[in-house]
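Feature annotations, reproduced from TrEMBL:
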type	residues	note
BINDING	B:Arg42	L-glutamate binding site
BINDING	B:Ala76, B:Ser77, B:Trp102, B:Thr152, B:Asp172, B:Gln195, B:Asn237, B:Thr238	pyridoxal 5'-phosphate binding site
DOMAIN	B:4-348	domain 'Aminotransferase class V'
MOD_RES	B:Lys196	N6-(pyridoxal phosphate)lysine
Protein chains: 2
Amino acid sequence: MARVYNFSAGPAMLPTEVLTRARDEMVDYQGTGMSVMEMSHRGKHFVGIAEQAEANLRKLMNIPDNYKVLFLQGGASTQFGAIPLNLGNGSGKADYLNTGHWSVKAIKEAKRFVDVNVVADTKPENFTTLPAEGETTFSPDADYVHYTPNETIAGVEFPYIPDTGDVPLVADMSSTILSRPIDVSKFGVIYAGAQKNIGPAGLTIVIVREDLLGKSRENTPAMLDWATQAEADSMYNTPPTYAWYMAGLVFEHLLAKGGLEEMGKINERKAEKLYAAIDGNDFYRNPVEPAYRSWMNVPFMLADDSLDKTFLEEAGRQGLVTLNGHRSVGGMRASIYNAMPEAGVDALIHFMNDFAKRHG
Amino acid sequence: MARVYNFSAGPAMLPTEVLTRARDEMVDYQGTGMSVMEMSHRGKHFVGIAEQAEANLRKLMNIPDNYKVLFLQGGASTQFGAIPLNLGNGSGKADYLNTGHWSVKAIKEAKRFVDVNVVADTKPENFTTLPAEGETTFSPDADYVHYTPNETIAGVEFPYIPDTGDVPLVADMSSTILSRPIDVSKFGVIYAGAQKNIGPAGLTIVIVREDLLGKSRENTPAMLDWATQAEADSMYNTPPTYAWYMAGLVFEHLLAKGGLEEMGKINERKAEKLYAAIDGNDFYRNPVEPAYRSWMNVPFMLADDSLDKTFLEEAGRQGLVTLNGHRSVGGMRASIYNAMPEAGVDALIHFMNDFAKRHG
């Protein structure tokens, strides 16, 4: 079959050029006679791959020199525990913004280790909105503030970076990293599971300001201690080498395409036209307050949900797949990360209009 | 370049047939129009891949029904912490056998959480031997006993399973799993990082007897809690899907080759001939007591270590690579896991004999 447009929330599409290159290098990487998967992580070939990937990520995101970049295993869910273990050793208090499914999970895990103060909560609005800029009051004695800039399930995204003063800001950027330029210097810690905008599942990037290292709580497992990982250049143990390599290919691809400025323009355009198609047709509905709609995850409902199954089947036959909404929400969801071509969004809009005409 | 014989201790060789198949399926997995890397872990395609992999591993290892099989991230080093957190909640005491580099690391991490009693220690012998069967006395009130059946650096391997009575036996099988048949029912927990005999780095298999689940210590991070992972079929968060798929291809390949009985015969033969070549030539030396020599990791020294560099260079030119010993030991090390063909061992022996003749 031809390549499909896969709207999965993650693991998600990867650029076809990246997959093709990975295919061509699979059995023999650049004349080494071995696959990247087979290389010692301490050998010169893999160390070269790893260093180049980090250099390219630093360039893409313009990461200041006083930040470490870690390539870890375990997923953002592992960091939900690592964050309070690494940072919650001062007052033992932390501020959290509760703005969706992933915030809820981060808060639940943090409560095992620190006193969590929920300083903003949009659950009463079913996570369809966000606190306005400047509206949230933070605790001056918190060890850190945590938030989720983009929530994949309800499809909300902060259009601003909360100002937390001197308290380090920690952001779960799993579903928004690399989608547009950001000012890394505003953050204490940025972390992201790879499987949306970076590469295959099994890799998590942690970008941490150096002065926040080395303060972990007693009984922090060594593998979750950022300082331990930073000292070992993310090779305290064997890292997920193949995922690291794939991430490097994606970074290289993004640089060649014009970097995050260019991705931001394309992503904004993709999102705008999809929301316009939804808003412009009574057959579809997106419940999120327009100012806070996500560029990456676009949930929408059919006016008649008895047509959901037909919608998914017909879409699938046209190569538009994984459009089902999260099991906790229902309806549809189109995740349109960097690797979703604009042509894929166009094809979805075309199908949606046609489907509405035939069934509306 | 042609495929090389790569003697890396891990990440290590994978069967060429497996890599070729992965290459062919990279851009479009079996007509789905997407790569396995791009699939939602909750979609039917990936769930099928995941279940088949587990079924094949159960068949290969003859895993009893009262054991859960977990596919996790993080590496054996993560389990060094997870083991005391999951099992050390009774007396808070654990017995450890200290028989090499990896035992040392497991003990160091366990001490953060439980009282460690070292019941056997071969460090005085520089880890070149092991306790004889029946020689070790275990503590009846320990929560568990931990050992490392095969140590990759010194190259020692237990030819027996320690009898710990009713105390659960926990084994780090990273470098010996799947190399020969074992009786899983003798163990409480078996765990193994994938990057030696299973698949790519970034996946760790944990095989745990069901009655040991659900007893974790307070403050165990959710991701390290085996019960949480078992309840979620290893999908508490997004698992390392591509590594899981690759492991499945390896399991299928091993079954087609005759399973672990057959692998055991081949591995024994490969090891025997390599040790015979070392012992039969004064130019080479392996310091390990013969009864405890590893089938998987064969360290050896040249009589004149000023020739080490020349040995590695000449070997490399013949496609025999990553033969350097661990940086803590020096000399040479040939890791000859399942995926190292017997022809690779033959080529190494031929080269060693020739090198000795020319330089001896």
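Quick reminder: no glycine exception, Cβ is built from N, Cα and C everywhere.
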Pairwise over B:Ala76, B:Ser77, B:Trp102, B:Thr152, B:Asp172, B:Gln195, B:Asn237, B:Thr238, annotated as binding pyridoxal 5'-phosphate, what's the top Cα to Cα distance to the nearest Å?
31
Among the binding-site residues B:Trp102, B:Thr152, B:Asp172, which sit with their Cβ under 8 Å from a Cβ of chain A?
none
Three-state secondary structure, B:Asp172 (pyridoxal 5'-phosphate binding site) (per DSSP):
strand
Least buried by Cβ count (within 10 Å) of the binding-site residues B:Thr152, B:Gln195, B:Asn237:
B:Asn237
For B:Trp102 (pyridoxal 5'-phosphate binding site), the three-state class that DSSP assigns:
helix
Quick one: give me the count of other CB atoms within 10 A of the CB of B:Thr238 (pyridoxal 5'-phosphate binding site).
24
Neighbourhood of B:Ala76 (pyridoxal 5'-phosphate binding site) by C-beta distance under 8 A, where only residues 6 or more apart in the same chain count:
B:Trp102, B:Asp172, B:Ser174, B:Tyr191, B:Ala192, B:Gly193, B:Thr204
Hey, does DSSP put B:Arg42 (L-glutamate binding site) in a helix, a strand, or just coil?
coil
Pick out which of the recorded positions B:Arg42, B:Trp102, B:Asp172, B:Lys196 has the most other Cβ atoms within 10 Å of its own Cβ.
B:Lys196
Integer Å distance between the CA atoms belonging to B:Lys196 (N6-(pyridoxal phosphate)lysine) and B:Ser77 (pyridoxal 5'-phosphate binding site):
14
Spatial separation of B:Arg42 (L-glutamate binding site) from B:Gln195 (pyridoxal 5'-phosphate binding site) - C-alpha basis, Å:
25
From the Cα of B:Thr238 (pyridoxal 5'-phosphate binding site) across to the Cα of the residue listed as 'L-glutamate binding site', what is the distance in angstrom?
9
